[in-house]
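Over in TrEMBL, the protein carries these features:
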type: TRANSMEM; residues: A:6-26; note: transmembrane segment
type: TRANSMEM; residues: A:76-104; note: transmembrane segment
type: TRANSMEM; residues: A:116-140; note: transmembrane segment
type: TRANSMEM; residues: A:160-180; note: transmembrane segment
type: TRANSMEM; residues: A:201-218; note: transmembrane segment
type: TRANSMEM; residues: A:254-274; note: transmembrane segment
type: TRANSMEM; residues: A:286-308; note: transmembrane segment
type: TRANSMEM; residues: A:328-346; note: transmembrane segment
Amino acid sequence: MELSLLLIKGLIIFAVFGITLLIATYSTYAERKVAAFIQDRVGPNRAGPFGLAQPLADAVKLFFKEEFVPANANKFLFIAGPSLAMLTACMSSAVIPFGGTLIIGGEAIHLQAIEVNIGILYVFGIVALGVYGIMIGGWASNNKFSLLGAIRAASQNISYELAMGMSIIALLLVTGTLSMRDIAAQQGQELFGISGLNWNIFYQPVGFLIFIICAFAETNRVPFDLPECETELVGGYHTEYSSMGMGLYLFAEYVNIFVASAVMATLYFGGYNFPFMHQLGLPHNVVTILGTVVLFAKIFFFIFFFMWVRWTLPRFRYDQLMNLGWKILIPLSILNVIVTGGAILLKAELF
Amino acid sequence: MQSLSNRAKKLEKKPMNFSERMYLPAIFQGLSITMRHFFKKKATIKYPEETRPMSAVWRGLHVLKRDEKGRERCTACGLCAVACPAEAITMVAGERKRGEENLYREEKYAISYEINMLRCIFCGLCEEACPKAAIFLQNDKVAPARYERDEFIYGKDRLVEPMPIQNL
């Protein structure tokens, strides 16, 4: 019994890891396609049908390039940087519930790699570690552009993590739990008589707005991609990187986007819940599988949104970035916490 | 300062109102614009599979035609060189020897015939000037890019139509 449980857990962890990497791989393809479509072009279409083998070709190219380490770089840290970025990016998808429970042979199996009762804190801790990969890589390159990029990344991530944490605190006041699975399950309740529509976005719209802005900043995406700002800093923190070092940084960015999308979908957009999920009268396992599909649809939408915004908005100036973070988002998120707390107290008083 | 034309408009730089300062409406406007472009018809022509449609009267690379028996039509009269506004055509005339009747149609023929494709403006006046219907501008071939300038001087080897197979 124990062994089979272990086997199932291992299988789910393996699947989550594989899916994360697969989605990150095809995000590079999707990014280029979305960019092309928005700019009235057709994008990569030569490698395989519709260019679907493009990510493979890119990976092969990166693997065969020379792994160049600058003469005055700290060799250990130079390699540790991208490795750490990739490691932290891959770790954070472990606690995301990718579905409800499958009941097989009387056993309820949670479609989640690891259940920890502080899931959100785990995600935040790992995401906060992610900046070390950029910091170390940028510093170890011994290049002023890399160092500037690394410094920008560090200060930007610290500034926006505050607002992000605050927006999450308001959410936690509503949900009353730190477990990702419980938060996802709570959103499956009824709202206006529609089951599976008790999404947190209806309780925390401002919190979600703050969260999504901070998610853009945390993943170093346009309009907050100042760490790799190629117009000012050549390539930012990965100026000196070639071959798979560069590949890992780029890949880590896409894994981060996937994780950020999954967290947003889980925390605010109902996770694996979909409207009328319990009123359709479908078997439990079917509902679970449908829920997983719906969750991935939500995740893909958010990944698309990341790309959509990237090819729409120009980059912030650094002082604008800091003004937005410290003078607008943090006060707004504190206000959001206060209003949410007041509303919860008022509700307790009235009902 | 006094305006001379009275057409100058005085612009007022108003402070931004709340929705403008929030930037969110502007961002959504931008997103809707890019989304419209997302579904627009793409301008790309996928070259090796599709080619750009060419006009029926499009003038491309020259060809020196042969007649129905495979003999060169050109008699090196030089009218094309005279007609050429870009002075791209030069030729050397020669007399047909005995036994060459199957190669050249008339007693006089062009020993060398060169067109400088860098000078040529593809106007087609040579085609109009030719009394023997020997030179034509094809509508399906272009003079391709090359690395050296002298490669653009097309001699008879590249201009004369290949011999029809039944005459070989």
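Just so you know, glycine gets a Cβ as well, placed from its N, Cα and C.
Outside the transmembrane segment (A:328-346), and at least 6 residues removed from its termini, the chain residues within Cβ reach (under 8 Å) are 160, 162-163, 166-167, 169-170, 173-174, 203-204, 206-207, 210, 213-214.
Between the transmembrane segment (A:116-140) and the stretches A:6-26, A:76-104, A:160-180, A:201-218, Cβ pairs under 8 Å are most numerous for A:76-104. Sequence-distant contacts of the transmembrane segment (A:286-308) (same chain, at least 6 residues past either end, Cβ-Cβ under 8 Å): 23, 27, 30-31, 34-35, 38, 98-102, 111, 216, 219, 221, 257-258, 260-262, 264-266, 269-274, 277-278, 280.
Proximity of the transmembrane segment (A:160-180) to the transmembrane segment (A:254-274) is established through 3 or more Cβ-Cβ distances under 8 Å for residue pairs spaced 6 or more apart. Through the fold, the transmembrane segment (A:201-218) approaches residues 127, 130, 156-157, 159-161, 163-164, 166-168, 170-171, 174, 191, 224, 256, 260, 263-264, 267-270, 306, 309, 321, 324-325, 329, 332-333, 336, 340 of its own chain, all at least 6 residues removed from its boundaries and within a Cβ separation under 8 Å. A Cβ distance under 8 Å defines the sequence-distant neighbours of the transmembrane segment (A:254-274), meaning residues of its chain 6+ beyond its ends; these are 20-21, 23-25, 27-28, 31, 86, 89-90, 92-93, 96-100, 111, 120, 123, 127, 130, 168, 171, 180, 183-184, 187-188, 196-201, 204, 207-208, 211-212, 215, 218-221, 288, 290-292, 294-295, 298-303, 305-306.
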